[in-house]
Each structure stands twice: as structure tokens, then as C-alpha cells.
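Taken straight from TrEMBL:
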{"type": "ACT_SITE", "residues": "D160", "note": "active site, charge relay system"}
{"type": "ACT_SITE", "residues": "H234", "note": "active site, charge relay system"}
{"type": "ACT_SITE", "residues": "S596", "note": "active site, charge relay system"}
{"type": "DOMAIN", "residues": "22-124", "note": "domain 'Inhibitor I9'"}
{"type": "DOMAIN", "residues": "151-634", "note": "domain 'Peptidase S8/S53'"}
{"type": "DOMAIN", "residues": "716-809", "note": "domain 'Subtilisin-like protease fibronectin type-III'"}
{"type": "SIGNAL", "residues": "1-19", "note": "signal peptide"}
Amino acid sequence: MKPAMMVFALLGLVIYGNAEVYIVTVEGEPVVTYEGGIEGFAATSVDSAEDMDITSESVTSYSLHLEKQHDILLESLFEAGTYKKLYSYRHLINGFAIHGSPEQAEALRRAPGVKYVERDMKVRKLTTHTPQFLGLPTEVWPTGGGFDRAGENIVIGLVDSGIYPHHPSFSTHNYPPYDPLPRYRGKCEIDADTKHSFCNGKIIGAQHFAAAAIAAGAFNPAVDFASPVDGDGHGSHTAAIAAGNNGIPVRLHGHEFGKASGMAPRARIAVYKALYRLFGGFVADVVAAIEQAVQDGVDILNLSVGPNSPPTTTKTTFLNPFDAALLSAVKAGVFVAQAAGNGGPFPKTLVSFSPWITSVAAAVDDRRYKNHMTLGNGQTLPGIGLSPATHWNRTFNLVAANDVMLDSSLAKYSPGDCQRPEVLNKHKVEGNILLCGYSFNFVVGSASIKKVAETAKILGAAGFVLAVENASPGTKFDPVPVSMPGIVITDVSKSMELINYYNSSTSRDWIGRVKDFNATGSIADGLAPELHKSAPQVAVFSSRGPDVKDFSFQDADLLKPDILAPGYLIWAAWTPNGTDEANYVGEGFAMVSGTSMAAPHIAGIAALIKQHHPAWSPAAIKSALMTTASTLDKAGSPILAQQYSGTDLLTLVPATPFDYGSGAVDPAAALDPGLVFDAGYEDYIRFLCSVPNIDHHEIMNLTSSACNASSGHPADLNTPSITISHLKGTQTIKRSVTNVADETETYVITARMSPEVAIEANPPAMTIRPGATRDFTVSLTARSITGSYSFGEVVMKGSRGHKVRIPVVAMGYYN
């Protein structure tokens, strides 16, 4: 060993206790992009998942060669036992994850052949009626042979918190048997307790990835489970939304809340667990899961996961190990759906950045759960409560939890939260409505509505009411199913009316003890949903654009999010030991909100498109989804977005492409889009090379691809949208469309834009034969400088009924 390298090894021995996880990329092409050139190793580059044969001699030998090079590098730098290699990445990126000291990371940065070193980052989870809302049973499933064939032989890979394999949403009982699928090469881990496989034909692969989490000291085997089993609930929920069985009764507390179904109920599920109960996950584990999924041969990849912020170590959001791995996944023919993030309604809160990914925003669909309470003085107080009514035509006395403590010393247990039945007097509560207070404990999750209901039931209450006296800005109140009458009064002013009525009706002695509970009330039936035509709406929590190109949050010339899908109050499978939502602990189903729920809707619909059009590229599938999306709600009015007013009250404003991308997904139209905007790996590399001020060495380091002399403009990428963040004078953008219909069609092209920007599309019409590709241009001219974005669209109407629409976004700047 050379003296300098001995120093690094000794340093590693001394400070290994301060080690962290680092992701490293090195020189050399990964399997999916290697085109030959190394003696003894044949080319392995692929353009679709079908082309990759991981069992072939060429792939096996080349991937082993890359892993050997990783080991040689590490052994030449560091002494054995001073570091731990966690993963070798060989298929999508060429590199490895290492658990070592900061000094070792610095040694790697200086080592010949090393291109990139980044300290691992955490990622987070971005946490039924929707098939009917989206028209799947009547308009989409019949075209593929019905729900029992919808998604047949398509594999959806889910990088999430695992799965509860015993749930009826994933059962194979009473369903036609699944045929073998030899092209899928994934494996099924064995349950250490039951000794049974996690797979059953519906679940076709199940693996877990936790090396980085374990090395970082975050993994707790008692609650995180070193297996694909879902210890959280999130993974089972997203899997069921994408591909859960059709017609599964959603039963909680003796009530049925309809029947649940995945978007593609016959699709296969491949589980890649890389997220965990308490801490989320680590990029090193997620990248390993993505690499394995693509290597195994999934068709669709769902990522209800994203970074906590834009990457800090690269000059652009589009270049990091996570996005680079997904770029290679797309090259291998895998469609990727990713949750846009839950940072809304504020701008620039997206955590899904790159054009090769389909970034999904969350919508509120047409189903709303509401309830009300009637007081003895005739007042009616609105609220939320997914519960049965109190006994018909009867009123009940109201008793406040703070007034029925067994002993005043118990006040230290926050009895007003109604979380502890043992501190309250059952004789005073029994037969009455228990009045509780919504404290900060509910916000942080240490108190739950489920526990209030349990307390009320143990004490024999006729029902409960939870009054919100103070609401933090942005607090979200969701209806929670409970077994007994119960309601949450979410409007602070209405809660005060309730409290004032209670206090004025309750007689007390001279020291404040209650003599008589005279306030009365009743709770209505809140089990039946109301259906609204003002849907979809953009959910308040859904992250908003503009997309950003770097950590300084400079605007990117790329529209994000891409599309809107249901993500609010979604019923789907849950795991009985899931703790992601305190109100659903121990339940088999949960009604959860988040862009995490929106992404698997798109993943499942993409599976249906892939089933109908198996040769389509990921970009073509994304284009079909985007160009057929709707900007109108069910009533035919422009889609609205939930927003906060100056008083932190929820209000509705007209939605823009920064809220919903191209609009709300229309699955039936997406199956037959007429035209698609296609793009491939080389197009994405050209896009990266065209980003202003991007480091071309960084592109080479993470993609092994070089930039040529002509860089172009990011808006030149052939996406089904146009975004120019700095429009100076006139800029002309070219787009190419391919006719994927069976017949020749003539399209008339029109364009419109808000008056600050002039728009013109040429030619005004064109005829395209099946399979042919034609170009058109869109010219944008800044007319006035407002400092804000202008929105418009290009619409292509076909003579055979197809309608292709792309959003246009631009901000004018002085030359």
C-alpha cells in the first residue's frame, strides 16, 4: 500500500464511528448504456425492458466486471474493516454506496476514475370511488376485456414501504389464476415467521432494501421489519390504488363505504420496500430498489416518494443519483410516475423535477363527507364526522371532559383530549354526548379521533363532539370513520358558539363544579357522501410549480407538475399494524390524502395504456396522458385550485398549469390520443446539455454521456408542453408529433395566449398518415413585461375527432 493511501486507511479506522453513507459514481457505462469498447465485454445497451436479459452472458459478465472495479478501487484506497460497501450500482448508474468517514469520502473525490461523491439524503413519503369518477368501469376496462383483464401481464413496480400480502385487495382466491410471466425476473423473499413466500401470482416480486438505513443507525427491526412486509400502511395503500383487486368491500366499524378497486385490477404487483415507518428512507436504498426493479423487468414504476428539497451538491435539480437512475430506467422502457410533493399551495414546492418523470399533482374528486350537529337552542353547527347518527328524534345532554374528571390532579393528562377513559367519570358520561377539545396533540399525532371514539365508547357515551378552538394555518381536517356518533366542529367560530351555549346552559357551584348539565344536542348521520360537480379541484396540499432547475430555486424551462389525478380522501388497503395514520391503526382500510395517492392512479392508468399499446415508449404514454387531460371540471367550468386567503381560510381560485400541468387525467381519451409527442434517451441528454450554466462534466459524471457543441434551448425538448421562463423578443419552438391512430387524419392547429405574449402556430393545418411524424412550430413574442407568467395553449383538432392540447407558459423579459 502506498503511504498516502495508508493515511486514509488509518483515518478510517480512527473515525469510523462518525461514518456516513455516500453515493459514488465512477468512470464507465452502466449496463443499459454500455455500447461496447472494452475488450472481452460485448455491448449491453438497451432501449426497452424487453431487450434486457439479465441472465445473458454479456450482461452477467459486464455487471460483474463493474462490481469488481468498484471493489478494486475501494481496496486500493482503504484498509478492510474501515468502510462498508452497501451496494454496487451497475445497471442504471455505475457506482456504489459506501458507509465510511468524511475523510474517506474526500479521498474518493480525489481518486482517479471517481466522477461524483454525494452524502446520502433522506427521502419522505408523499401521503374507492375514483375508478368510477375517472370512468374506468364503463369507458376503459371494457376495451381490454373487462376488469378481470384490465392490466393483464403488466408489472407495476412500487418503491414504497412494502405490502401486507394477506389483504383481500391482493388475494388470488376466487380470481382466475395468473399465468407465469417469464420475462419478469424478480424474486420473492420468504417471510421469516411463516416461512411462506410474500408472492402469490398477483404479487409477483417482493424485496426489501435497508442497507443505508441500517448503516445510518435509523433502522429498528422491531418496527421496520427486515422484510417486504408493510409496517406502515403507505405501501399497501399505494399498491391497492394502482393494481388492487376489483370490487373489494371497504368495511370499518360495521359500515361499508363502497367497494375498492385499483386502476388496473389485473396488473401484477412487484414490491421494492425502501421506505420505513419512522424515518422515511435513504436515497442509496431507493436507488438500489429502482435499479433492481428495472433489472427485474417491471413495465411501470410508481414512486410515492421524493427528496426533502432540491439537491444541494449538483448544479441542477435534474442531475443527482436518483434522477439519473430514473433516466436510465426510462431508457430501458420503464414508465415512471412520481408524486409531485405535498408542499402546496405555495409555489416552487415540487420535489419531482425531471422531464423523463411523470410528476403527479393531487385532486379533490367529487365525493365529500359532511355532517352537522343540532343544539338544544336550535342552532345547527356544520362539521365532519363519518359516523352514524345519535338515536332518532332524541337529544342528549352535553358533558365536557374537563368537567367530569375523576380527580383534579388528573388535569396533567390533558383530559380535554379524551384520549384516556380512565381519568374520566363514567357515571357522568354514560348516556350523554362527550364534549372534547381539539388540541395541538391531534396536529402532531399523539392524539387521534379514533382514540376519542374509543374513550367515548368505553365510558358508555351516546356520542362525542370534538371542538376546534384554535386552528394552526394549514391544518387539514379529514373525516375519520368511527363506530359511534361523532363529529368534529372544524370552524373555530362555530366551536365558540357550541362552547358558549354549553357554558350558559351548565349550572355550577361557587368553586366552579358542575351542578347540572343542561346543554343538549344531537348528531346527524354522516355516513353517506355528497357528490359535487365542482370536481376535480387541485388539493390545497398539492405542490405547485414553477419547476426549479437548481438549489437557488431559479425557474426551469420545463412545466411541472405534468398531470392531475385524485389524491384526496382515497379509500384503499391498509395494513393492520400500519401507523402512518393514527386514526387507522389496526384497520384493514384507510382513507388517506396526498400526492402519494395521486401517483399510483397514474401508474395504474399507464399500465392500461401499456397493455393496449405495448410498443409505446414511456414518453409516448406520458404524452397520451397529458394531451388528452381536461382543464374543465365535471360541471364544464374551468378547474379551480384550493388556496389560502389572507386569513388562512381555504378559498378557490382559477387553476393554472403550475397547479395541474396539462389538467385532470382522462383515461378513456388517453387510450386513443391520436398524436403523441415522443422523446428518448438522447433527447433527454440534449435537454440536459441545453440547460443554461449547467456543468457538462456533471452530465458526463452522472450519465456517462457527452454534450455536443450545439446546446439549443431546454424548451426544444419534444414534450407535450412549452415553458419559457425568460422570453426575450421572439422565440420559436419546434415540436414533432406522430400519428398513433390507424387512419390518416387532418389536424387544424390553433393557439391562444393571454395578451402579454403573442403566439402563432405554423402550419395552420397538416395531414398525417398512420405512423408518420410531422413537425410544427410555435412562435412566442413578449408584448409587455409584467413580471408574471402568461398562460395559453396549442390545440390540434383532428378530422376524425381527436383533440390534442398542450399548455404554453411564458414570462416576458427585456432584451
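Yeah, the Cβs are placed from backbone N, Cα and C, and that goes for glycine too.
A 10 Å cutoff on Cβ-Cβ distances gives S596 (active site, charge relay system) a total of 31 other Cβ atoms nearby, all chains included.
Calculated from their C-alpha atoms, the gap between S596 (active site, charge relay system) and D160 (active site, charge relay system) amounts to 10 Å. A distance of 7 Å separates the Cα atom of D160 (active site, charge relay system) from that of H234 (active site, charge relay system). Helix, strand and coil content of the domain 'Inhibitor I9' (22-124), in residues and according to DSSP, is 33 helix, 26 strand, 44 coil.
Assigned with DSSP, the residues of the domain 'Subtilisin-like protease fibronectin type-III' (716-809) fall into helix, strand and coil as follows: 1 helix, 62 strand, 31 coil. Taking the Cβ of D160 (active site, charge relay system) as centre and 10 Å as the limit, one finds 29 other Cβ atoms among all the protein chains shown. As a whole-number mean, the pLDDT of the domain 'Subtilisin-like protease fibronectin type-III' (716-809) in this prediction is 95.
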